[in-house]
């Protein structure tokens, strides 16, 4: 058979990805022509990271049997990474949960009982009793939910609506708190609106790429393949990679920079100083479109108020800032000289200058990419603000080929966690619970009494752990995440809180994860194409998919669980009399009636679904639930810069990037000719701010919450590897991926290993002030730490690396710093 050049390149890309992981390409990925007639194909976004690759899913006899990259998908253009090629296998692990499991002893629930199969009716009976008891005895603040950037858009919307409007509790937060919260607050502080202004099309037009704490080669491999193609096709294109250790992205780097942990703040201020000292400020852009402010400092570390670091902080948690002049800002960054920066960071001067020159050169279009290195940082918001400073000083923003771009790690951290408003402080379309006008907009649109939504910010992820341990949060529903393994400092707060007899923990999951096995009730959940869904990726692209198969056994989607559970509560049981008096017609109605079976949500009939189209939730309820929820939600953003297209448009497209106005998506926000919200003659308008100007912040270096000392003498950084995604609850059930990287290891510099009498392959005990794990020494391989630092991935349930990590957070975003704590090693 003769191959076209395109087919040849695709086939080789697949083989290369597989070879890099030590794998053979699975038969299901080959989509053999002879089988295609027997296989039904439909589109879906990939289940894994926030890149948002499009895939074609092949189903046969009620199972997903094949998967291939969608050649019509603009994100990945027919390619998949190695995880994407094994998507069919994530749903068929041998230990897939198919019925609810409750801890029982002598025929009834018991905290120390054995997991026993029960019906959904029995499961909801116990949940109902626990919710109602806590609501009656302690009120809405005694219940909470921990959700996900892997929820579909309507699942997140339904969860936020149920908790914030139904139960009147803002104690709902997504696991995106652990990965994207600093990016959110950074965007809001600088631009007044969340999410990137650019898109992936920038890659083919950029002259330079700077990676700040992002190993795109392994974590966003499809985007990295596009960057690689751009770099190798033009010798003038440059790539700079900054990290606290060397990794696979360094292989392409023209300037690979390893810096001392936390000192990225110093480098960012040095570059701003370099730009000013070399007269590289875009004065016209700066004068018209930028304000300057000096931020509060010494803001603490998000630890408990009794912690010595919090007591010592002068301005704990302060988001305050004050105006400053350009001369004052110039003097502020002038302290970050080349000599000082080289000394504080450990980076050679010539490398620092080369990096600064990329930003300062007016003829270089620069994209800054970052992921967890910036965000999982006790000054993550500051790091985000400081990188925006570089683009605002030079005017390299909101135009093709240049701009700051925060990459997401989950498939709908943007579309669900951020845009829908599932954070404990947010409402849809960048609105917040503390703003009375925003609450009023939601209450009127949802047709619920004024004052229903609480004005108090709910508990964020780490605060939920602490409240569980303290007995203040007593009923906790965890959906679509594995936070017992993924969250920080397992031993001190989370595990004690989950196993406290005062508390009842529900986990909805397809598999018996560490979280599920630590709970009191496990609810079996439908996965991916076992339900109709929608995700929003890192470039503001909203993508839909249809239900293509049924879930096994009694497994139900998160949406089904939320909506059906809402039937258990009447308004009189959850709302005070003062609210009911405003709308007496709501008396006697259930939360299902008030929130999900309203005229606005239920107006789309089943006739809009094709006769043979699967949609378990809608067919059970008698109306097109997903469409009703989406259209109700989309109303919030239309006309306000968050415009989403009509529901049906997404099923006919490979995703659309908002704002979508008059059927046209937006590639670059805030610039004239690209963004429909920027009028002719305005040039640029950062319309999230009242005056249309973005903000440059003066923010200093401040040290990490914990650093190595004589006893705990090494930095620990945690993260991921190519073959596994997050806690491995899906990828470790794919035999090929598990074989490729079967267990976590400790990546360590050979000299550090030698000094501790350790050799490659030795068992080693890694200890911090909070706990310990036993791992395996690795002195070679893809990750090459400098002396003084070790790196461990967190996918391995047998090596709970978060026994070691500290629950210090960015005080502004409440996002955990998983990249910096102090450990010691001992040979086992």
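Indices start at 1 and increase along the chain as displayed.
Keep in mind that glycine also has a Cβ here, set from the backbone N, Cα and C atoms.
For 1-31, the entry in Swiss-Prot reads signal peptide.
Per Swiss-Prot, domain '4Fe-4S Mo/W bis-MGD-type' is recorded for 39-95, and the stated evidence type is sequence analysis.
DSSP classifies residue 53 ([4Fe-4S] cluster binding site) as coil under the three-state reduction. Within 10 Å of the C-beta of residue 53 ([4Fe-4S] cluster binding site) we count 29 further C-beta atoms, all protein chains included. The [4Fe-4S] cluster binding site feature in Swiss-Prot is assigned to 46, 49, 53, 81.
Look at Swiss-Prot and you will find 83, 150, 175, 179, 212-219, 243-247, 262-264, 372, 376, 482, 508-509, 531, 558, 718-727, 802, 819 tagged as Mo-bis(molybdopterin guanine dinucleotide) binding site, backed by sequence analysis. In sequence order, 179, 213, 214, 409, 719, 818, 819 are the residues of the chain that are 6 or more apart from residue 372 (Mo-bis(molybdopterin guanine dinucleotide) binding site) and have a CB within less than 8 Å of its CB.
The feature substrate binding site is assigned by Swiss-Prot to 794, with sequence analysis given as support. Taken residue by residue with DSSP, residue 794 (substrate binding site) is part of neither helix nor strand, so it is coil.
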218, 246, 721, 726, 794 filtered to the binding-site residues whose C-alpha is within 10 Å of residue 81 ([4Fe-4S] cluster binding site): 218
Rounded distance in angstrom between the Cα atoms of residue 83 (Mo-bis(molybdopterin guanine dinucleotide) binding site) and residue 53 ([4Fe-4S] cluster binding site): 11
Other residues, Cβ within 8 Å of 46, 49, 53, 81 Cβ centroid ([4Fe-4S] cluster site): 48, 51, 52, 76, 80, 83, 84, 221, 222
Cα-Cα distance linking residue 794 (substrate binding site) and residue 721 (Mo-bis(molybdopterin guanine dinucleotide) binding site), given in Å to the nearest integer: 9
Other CB atoms within 10 A, centred on residue 81 ([4Fe-4S] cluster binding site): 29
Using Cα positions only, nearest of the binding-site residues to residue 246 (Mo-bis(molybdopterin guanine dinucleotide) binding site) (46, 49, 53, 794): 794
